[in-house]
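Step one of this worksheet: look at the structure below.
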């Protein structure tokens, strides 16, 4: 029987956790000076922040050189083929492997450098803050206290939100707090099979018609369409990262009838739930 690998910096580590974080200090000709090669990617996401030196990311013939301050996001299934740039003497990068909470999906849609590999570079003034958050996530994630993992996940959520705040600050006016609260309420009640707009409107102290108008004005989509997108996104996440029965996945996103869930899922994704899950394995 093969020996279990307990070092996440070395090949063979299972990453069978909600969050694993660390620092990979690659020096030329050192014991970590090899290329990570995962052609099928991983089941979770990986965030990667370069802090020293240069790394090179390869993807089907394309290449990207990452430098200090660059943050990359590898989603589930994305090719992982990266290592120290041959012209650099070192590549130090911090990383966080995680399985996201359902309502994070919007925050994980990043501009890409190629394929599905996301990219974000904070401006010079903000880089120290993002670097500090990364360090706090790693410190919490490697802790052994009862709440260490939960603290790390919450710090990661803060990092993702701070990136969203930076992007929105430069591209969009602030979202109406009532629309934001409505989105949060909907995300928190995806399993409610008796959902209606009136309950959301009541929660944010608006009439259903006013909420519908504001929602479409700010997000460019109806309340029901946005909820449907969130349900399908959550279903895809559960299908790809758990062995939960399909009927249970459906109930988790508000479908009491498995056949109806399968029809809606296939209409939205082009594949049945079982076909989608098989494609993720």
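Backbone N, Cα and C atoms are what each Cβ position is placed from, and that goes for glycine too.
As annotated in Swiss-Prot, DNA-binding region covers the listed stretch 198-219 rather than the other ranges in 176-197, 198-219. Feature annotation (Swiss-Prot): of 222-245, 246-269, the stretch labelled DNA-binding region is 246-269.
Packing against the DNA-binding region (246-269) from elsewhere in the chain are residues 190-193, 195, 228, 231-232, 234-236, 238-239, 276-277: each is 6 or more residues past its ends and has a CB under 8 Å from a CB in it. Mean pLDDT of the predicted structure over the domain 'HTH araC/xylS-type' (180-279): 91. Shown in sequence order, 35, 36, 48, 55, 56, 57, 58 are the residues of the chain, 6+ apart in sequence, with a C-beta less than 8 angstroms from the C-beta of residue 82 (alpha-L-arabinopyanose binding site).
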